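First comes the structure, then the notes that go with it.
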Amino acid sequence: MLLQLQLLLLLFLSCWHGVTSSPTDDSVARSDHGDQGEPGFEGQNQDSYSTFASDFIGSGHLTQEDQIQCYPFPTAPPVDPFARIKVSDCGVTKGCFRYGKPGCDAETCDYFLSYRRIGADVEFELSADTDGWVAVGFSSDKKMGGDDVMGCVHDDNGRVRIHHFYNVGQWAKEIKRNPARDEEGIFENNRVTCRFKRPVYVSREETIVDLHLSWYYLFAWGPAIQGSITRHDIDAPPVSDHMISIYKYEDVFMPSAAYQMFSSPFCLLLIVALTFYLLMGTP
């Protein structure tokens with residue numbers, strides 16, 4: 001055992017000698033003569049030492065486990081990219097709400113939200129056509145005020161962070177206690193997109209609701225200044241027309257204001273009458 005330790009120490013010194021200088025190197029640098037007055041004396045010792053170490057390793061006296069190997073310093077693992085939101089799961093394995101142009105998805109809608117249960121948590125995905133923030137509120141009515149709000153905010157450093165707010169009238173107050181976890185977000189193509197989880201059940205508190213109960217969902221998005229949210233983009237943000245249960249996966253589309261007029265029954269009747277009038281011609 002003592003012999004093996006001595007051999008390992010010898011190999012370590014050999015490896016260390018390849019990357020650092022020894023005291024004798026300084027003396028060689030100062031003079032071309034060794035201690036005995038003979039040129040190259042130190043260099044000859046070093047060559048003999050290296051040759052002996054190489055011959056000893058190659059002789060097979062040490063096993064592969066005994067040999068000391070030098071490895072490069074490990075690099076940090078790559079960061080996983082943000083996984084794209086899959087709208088094909090809407091209404092099947094998660095619930096979705098889309099607001100915007102008919103047929104839009106998570107990357108083209110004015111606003112997009114999805115939810116699904118994962119164990120004791122609910123996972124939310126939010127996306128909006130904005131460079132500031134996107135949020136969802138949980139309300140007992142269809143009005144702002146007294147609402148639990150989760151928002152994804154794009155800051156000046158390019159990061160997207162999840163914040164917790166509480167609506168006081170028309171003003172959103174940030175709450176220090178944040179139920180979000182496993183959060184991730186990205187700002188790309190002038191869109192703020194994020195994903196996070198929060199518990200289904202929470203201890204009773206005014207600013208955090210229990211998601212096992214049904215709530216109206218408030219959808220909002222808008223600009224941000226130095227990582228702080230400002231007023232939402234539109235005067236009347238969309239609201240779910242009924243209370244939402246996390247135990248029922250729906251796929252709901254709501255046309256934006258630009259398309260709502262074309263979807264109303266009166267407007268459709270007017271279009272049909274005008275088309276008939278043009279086809280028949282004037283008397």
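Every residue number used here counts from 1 along the chain in the order it is shown.
Glycine is no exception: its Cβ is also placed from the backbone N, Cα and C atoms.
TrEMBL entries are annotated by machine, without manual review.
On a predicted model such as this, the values are computed, not experimentally measured, just so you know.
For 27-36, the entry in TrEMBL reads compositional bias 'Basic and acidic residues'. The domain 'DOMON' feature in TrEMBL is assigned to 109-224. Summarising the annotation, TrEMBL assigns region 'Disordered' to 22-44. The feature signal peptide is assigned by TrEMBL to 1-21. Summarising the annotation, TrEMBL assigns transmembrane segment to 257-279.
Under DSSP, the residues of the domain 'DOMON' (109-224) split into helix, strand and coil as follows: 0 helix, 71 strand, 45 coil. Here the domain 'DOMON' (109-224) has a mean pLDDT of 94 out of 100.
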